[in-house]
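TrEMBL annotations:
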DOMAIN    10-222  domain 'YjeF N-terminal'
BINDING   62-66, 139-145, Asp165, Ala264, Gly317, His369, Asp432  (6S)-NADPHX binding site
BINDING   Asn63, Asp135, Ser168  K(+) binding site
DOMAIN    229-495  domain 'YjeF C-terminal'
BINDING   Lys402, Gly403, Asn404, Thr405, Thr406, Gly431  AMP binding site
Amino acid sequence: MQGVWTPDQIRAAERSVFARTPEPLVMRRAAFAVAAHSARLLAETTGATAGRHVTLLVGAGNNGGDALWAGAELRRRGAGVTAVLLAPDKAHPAGLAALRRAGGRVVEASGPGADTAGIGAAATDAVQRADLVIDGIVGLSARGSLRPVAAELVARVEAPIVAVDLPSGVDPITGAVDGPAVDADLTVTFGGRKPCHVLGAGAVLSGSVVVADIGLGDDLPEPDLHVLEPSDVGAGWPVPGASDDKYSQGVVGVAAGSATYPGAAVLAAGSAVQATSGMVRYAGPAADVVRSRWPEVVATGSVADAGRVQSWAVGPGIGTGASGREVLRHVLESGRPVCADADSITLFAQDPTLWDAREPDAAVVLTPHAGEFERLAGEVGPDRVAAAREVARRDDVVLLLKGNTTVIAAPDGRVLVNPSTHAWPATAGSGDVLTGLIGALLATGMDPWLACGFAAHAHALAAELAALGGAGEEAGAPIGASALLAALPAAIRTLRST
Ligand SMILES: NC(=O)C1=CN([C@@H]2O[C@H](COP(=O)(O)OP(=O)(O)OC[C@H]3O[C@@H](n4cnc5c(N)ncnc54)[C@H](O)[C@@H]3O)[C@@H](O)[C@H]2O)[C@@H](O)CC1
Ligand SMILES: Nc1ncnc2c1ncn2[C@@H]1O[C@H](COP(=O)(O)OP(=O)(O)O)[C@@H](O)[C@H]1O
Ligand SMILES: [K+]
């Protein structure tokens, strides 16, 4: 599992480091990493570092200082380096001096010969001639999007961009963007990932992220967020052992679908069938359809006569009327862990007294999309982590907030983030597949928070594999939820092989 630390946590750790190691030395360590990764990228894209041209976009703070020191190092490696200063009076003095000593050129963003956008001729030339651009405009202390001159310069860049710490213009805490921002090929960050590298637009605009060691090590506290690695999911995915039978691995009950929406039942039950090897029971009006599509499912007409289960997946297609409410009440009273999705969420929003049916010790997972979340607790807003955390605490649930980045908050404040590099799961019925997956993992006794993380991971990978139509393809084609469902075994195999 990878950790993600907030800017405040990183700053506090930095302060402890500065007590042992002088600040300028820490900054030079950071800058050296930026230079090394920039040199590697230059060599990959142009075949060399020496003789190539690197342009630094330098803002007012230490982020600009990192860029200037990195420029000095690249100069020593034979690159031509020009710094474009966005705030000439505030550029980091030691960094600036170092770049000048190394033979770097320094120009002002709004220097002589400024065009109608306010950009000087030398700055325009430096940006357009660059083989590589280093974004040192703003870092951890960033507020808001790029200001007009910086935005205009960035818009003129055609070369690959290496962001120092984070792509400028992205909110460090939420990853949100509300105006122009840098779209980096590579981000070199220090000490640990920050939320903007895994959340929202920031996850995409960061490009690939490398974490450089600047000696924060033991000074970092428990991470604020966690990201599962494919190998974590693969190693922990429940598979049968020699002494297992169909009951020992957990039986999941699926209460989904209706005469009007039998598809939700087929998708949720099918996903539970493929997620784990134990047993799936289905209870509801779509029993015949489920049985004919998944003969291994033990199907009955109602939750009351479903038989014993170790968890319930409830909600998709059950409706928001009296019968849906009774189904939800029944599974809550069972004392088993419950994954409540879709109509269940609307039912909770309509009738909070449903919570009274819950056994206090049984975990409840809620899996809203933004619209369902709004019914529960108002608009999600730009800080999706804070929103998910608040409802998880308030309702004592594991809250999985769907979207391109899935955020999973536990009642104790732990948060898992599942950033996505694609949007193939955005198709009708794909949420029903996720519900079945979570339900099946809950039945094995897995920690509900982790179960959600595993399910979200496998779900996104299955969608990607389905869209790509097999290994080695680069361009995908749109898929439906049935194709996502069919790709689940391949996704689990892929994860278990990593
Ligand atoms: N503290 C340290 O010694 C270390 C810090 N490091 C670097 O220092 C950075 C943080 O430095 P600072 O705290 O000086 O802050 P920044 O470099 O992030 O920037 C602060 C300055 O930018 C201005 N600013 C904020 N938002 C802006 C926007 N949208 N457009 C234009 N200007 C904006 C602020 O008014 C302020 O003047 C980190 O991101 C990292 O790159 C690294 O060198 C590692 C060690
Ligand atoms: N833009 C997106 N990128 C990646 N995943 C997405 C995107 N939009 C939705 N998803 C995922 O697709 C699934 C959709 O679920 P849901 O909204 O419940 O759909 P439905 O009710 O039609 O099944 C969720 O797992 C969600 O996280
Ligand atoms: K930056």
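The backbone N, Cα and C atoms fix where each Cβ goes, glycine too.
Small disclaimer: the values here were computed from a predicted structure and weren't measured.
The CA atom of Asn62 ((6S)-NADPHX binding site) is located 44 Å away from the CA atom of Gly431 (AMP binding site). Figure note: comparing Cβ neighbours within 10 Å for the binding-site residues Arg143, His369, Lys402, the maximum is reached by Lys402. Gly431 (AMP binding site) carries a helical DSSP state (H, G or I).
For the binding-site residues Asn63, Asp135, Ser168, His369, a Cα-Cα cutoff of 10 angstroms around Gly403 (AMP binding site) retains His369. Separation of the C-alpha atoms of Asn63 (K(+) binding site) and Arg143 ((6S)-NADPHX binding site): 13 Å, rounded to the nearest whole number. Across the residues of the domain 'YjeF N-terminal' (10-222), the predicted structure has a mean pLDDT of 96. For ligand 2, the nearby binding-site residues are Lys402; that is, of Asn63, Asp135, Lys402, Thr405, these have a C-beta under 6 Å from one of its atoms. Thr406 (AMP binding site) and Asp165 ((6S)-NADPHX binding site) have their C-alpha atoms 23 Å apart, to the nearest angstrom.
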